[in-house]
Amino acid sequence: MSLGCRVRPPPAQPCALNVLPCRSSLGHRSVVQQAGVRPSAVQAYIPYSLQQLIFEAKEIVLKAQILAGGRGKGTFNSGLKGGVHLTKDPKTVEQLAKQMIGYNLSTKQTPKDGVKVKKVMVAEALNISRETYFAILMDRACNGPVMVGSPQGGVDIEEVAVTSPELIFKEEIDIFEGIQDHQALQMAKNLGFKGPLQQQAADQIKKLYNLFLKIDATQVEVNPFGETPEGQVVCFDAKINFDDNAEFRQKEIFAMDDKSENEPIENEAAKYDLKYIGLDGNIACFVNGAGLAMATCDIISLNGGKPANFLDLGGGVKEAQVYQAFKLLTADPKVEAILVNIFGGIVNCAIIANGITKACRELELKVPLVVRLEGTNVHEAQRILNESGLPITSARDLEDAAKKAVASVARK
């Protein structure tokens, strides 16, 4: 689960923490503060009502709350430019918020029509004298967490990596020992903190790692990780990704999840522990495992087709989930064929086969169905499909399955 969005205002301008924007800024801020991390102060959080808004702040920042980056350069269909605004006049807060709430904000990460803004975060703006970038994330190559930092913050870190790779610093963390004092100090030095600020930054880095462990994060990204003219090191803006597998012990955090921006079909899929992402093609993909699902989408495209979705059954699949998956796929009017690609390790192929035959009969499937099964109990699964009497096309491998699925659509 990913909670929080990046907002990248122009360098040297005021900014404020927006760690958990559309979910629950105030709730997540308390989680951050419990770990000793210093965020910028959230003053208010406005859903719909804009009454009784009183500030003592010298400057105020308003941020439209949607799950997308690039909001500062976005455009509202109200005509307002930018999803992040600064003002020193409290009287303009309501006017700005009214041009945000209820209108669609389009950014480089949203659909073409944008996403409707239902909430606006209003915070005290703090001056930033210098911006850096800092992140802790799980690195598959290192088999554990790593620190990544750069003295150039407040901008796309990907651009820095391309244009100035020498300004990207990476340090592996021993999962058993944690971040050592010398590692934190060296990273603070690499980020350009000097004098007393260097120790401050090192302390914040260690606390961010403690937060990373405590909340079962897969990524804690702070951009900008900056300093104020008053000599404070502050986490001004952050994005945190959580491990979905840790939901059972992070109930408070996952309870903040607001699915109102999700497509209704995604929320319906989640009820049955299915991962669904809609795409713009016409060949539905029914797969177990995210990696296999991506490979299936790719090979459909390589053979001239277009995937209609990304649907991951996961490992511990049951027959009822197979039925619900078919129900979701067939509800999409764009779907003209379904490709089932199952590699049964944990998954029992016979369960998949029984679910498929039940779904075909009860839903009266009208589109071509191509099935490729491999792995646990595959021979029993093939027998179930062969004896079903249903018009199911079997495939010997993924390449064969993709070609047959694409061909079935072409014939139509």
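Even glycines carry a Cβ here, placed using N, Cα and C.
Residues or ranges marked as domain 'ATP-grasp fold succinyl-CoA synthetase-type' by TrEMBL: 55-225.
Here TrEMBL flags Glu59 (among others) as site 'Important for substrate specificity'.
Feature annotation from TrEMBL assigns site 'Important for substrate specificity' to Asn127 (among others). The local packing around Asn127 (site 'Important for substrate specificity'), expressed as other Cβ atoms within 10 Å of its Cβ over all shown chains, amounts to 14.
Annotated Mg(2+) binding site per TrEMBL: Asn223, Asp237, in sequence order.
If you look up TrEMBL, you'll see 287-406 marked as domain 'ATP-citrate synthase/succinyl-CoA ligase C-terminal'.
Here TrEMBL flags Asn288, Gly345, Ile346, Val347 as substrate binding site.
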Subject >> Of the recorded positions listed as Glu59, Gly345, Ile346, Val347, the one whose CA lies nearest the CA of Asp237 (Mg(2+) binding site) >> reply: Glu59
Subject >> Lowest local Cβ density among Ile346, Val347, which the record lists as binding-site residues, within 10 Å >> reply: Ile346
**OP:** Provide, as an integer number of angstrom, the distance between the C-alpha atoms of Gly345 (substrate binding site) and Asn223 (Mg(2+) binding site).
**Re:** 40
Subject >> Secondary structure tally of the domain 'ATP-citrate synthase/succinyl-CoA ligase C-terminal' (287-406) (DSSP, helix then strand then coil) >> reply: 57 helix, 24 strand, 39 coil
**OP:** Grab the substrate binding residues from the record (Asn288, Gly345, Ile346, Val347) and give me their largest CA-CA distance in Å.
**Re:** 10
